[in-house]
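Colleague: What Swiss-Prot records for CYS102 is active site, nucleophile, and it gives similarity to another entry as the kind of evidence. Sequence annotations record features per position, and here Swiss-Prot assigns compositional bias 'Basic and acidic residues' to 406-424. If you look up Swiss-Prot, you'll see CYS102-CYS231 marked as disulfide bond, on the strength of similarity to another entry. Per Swiss-Prot, the feature region 'Disordered' maps to 403-424. The annotation site 'Interaction with tRNA' is assigned in Swiss-Prot to HIS128, ARG276, GLN376.
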Amino acid sequence: MLAAGRRVACAVSGGVDSAVAALLLRRRGYQVTGVFMKNWDPLDEQGACSVDRDCEDAYRVCQKLDIPFHQVSYVKEYWNEVFSDLLKEYELGRTPNPDIVCNKHIKFNHFLHYAMDNLGADAIATGHYARTSLEDEEVFQQKHTKRPRELFRNRFEVRNTVKLLQGADLFKDQTFFLSQISQDALRKTIFPLGDLTKSFVRKIASEHGLHHVLKKKEACTTFPFQSMGVCFIGERNFEKFLLEYLEPQPGNFVSIEDKKVMGTHKGWFLYTIGQRARLAGLQGAWFVVDKDVSTGDIFVAPSTDHPALFRDLLRTNRVHWIAEEPPAELVRDKMMECHFRFRHQMALVPCVLTLNQDGSVWVTLVKPARALTPGQFAVFYKGDECLGSGKILRLGPSVFTMQQGRNREEGTKKEDIDKVEPAT
């Protein structure tokens, strides 16, 4: 059997998905090594999240499967390449997505090279619900380049692009979180769960006695306004956690409709667009629709579907394309139709991309989307292929702003008509 000599380093987190991924690889005959990545030091703060408990669960999985277990620390790398970036983004008034950044820098860079260079692995594997255009055996035929890489890849080297494809379980599909990983990493990665549903994965775990991981929650915690799965926050209040690292920046809640001050807040970085703003003494729900970092004002509106929450235009930074280059259609025509999302599990939205000279894109949506948020990633799709992503840096005017402009324009026209002297 070809698989017998193939060595695979499988990331194990102590959860059910990575456990079943390792199990399936073992059943296929690969020489599997489980690797637990420690990305956060609980001694750094007064946290409630137990990294040690996750490590113990991962170790028990490897014992159960009779595979070697390794633990590697990326605490320093995570701080420098993920968490520091997260803090800077919040200071700029944006809402970052550390999961995407972590996958790019830690799991599919540092872990990949550790597995290849230190463990002698031929490939890595994770428990993500995603697929690639390579068959598993083709992964082992891909060349691995040891670090440091050459500054420029040999342009005469002929390589067929490996595609990142959505998982069979579209509800659990995690290509969104993989949209910034490199082509080189994708070539050396196996996703054993790509063709499976979550319910079937849990069934496999149960049938093979992995009961301790079945009892665990999906993630240690999530942010209050969207699922990010930042495990090191634990059961703590997100506001208190962030204020451990950022100085309070008090400001006002301001009504987007009449610019009236509605209350005060401790810092614009504690709120994201679309989040409910709890305003003392006011009836009804108010929602964050915009932020002005220069003044510290957070603009709010009195309903969850207020037109100030909806926009149909955004601009990204330089897009990371999974194929390393923009799609040929986009290069040729400078425009391309595709689909996009900026939150995991949100419905894909038809859009048109316009390519800029700096590699960024304007994204024009066929209909306005709610709570487009600077700092989040716009992830692009063609069919079941994830093309890549770019960080949202700028937003077009909201539907509310456009309505106000039209109202002013119509009012001006009416005034002009009134000024015209009647014909005699």
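Backbone N, Cα and C define each Cβ position, glycine as well.
Map the listed features onto the structure and describe their local environment.
Modeller: Annotation for CYS102 (active site, nucleophile): spatial neighbours ASN39, TYR78, VAL82, criterion Cβ-Cβ under 8 Å with sequence separation of six or more.
According to DSSP, CYS102 (active site, nucleophile) is assigned to a helical segment.
For HIS128 (site 'Interaction with tRNA'), the Cβ neighbour count at a 10 Å cut-off comes to 24, with all displayed protein chains included.
A 10 Å cutoff on Cβ-Cβ distances gives ARG276 (site 'Interaction with tRNA') a total of 14 other Cβ atoms nearby, all chains included.
Counting only residues at least six positions away in the same chain, the Cβ atoms of THR95, PRO96, ASN97, PHE342, ARG343, LYS391, ILE392 sit under 8 Å from the Cβ of GLN376 (site 'Interaction with tRNA').
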Colleague: To the nearest whole angstrom, state the Cα distance for the pair ARG276 (site 'Interaction with tRNA') and HIS128 (site 'Interaction with tRNA').
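Modeller: Rounded to a whole number, the Cα-Cα distance is 31 Å.
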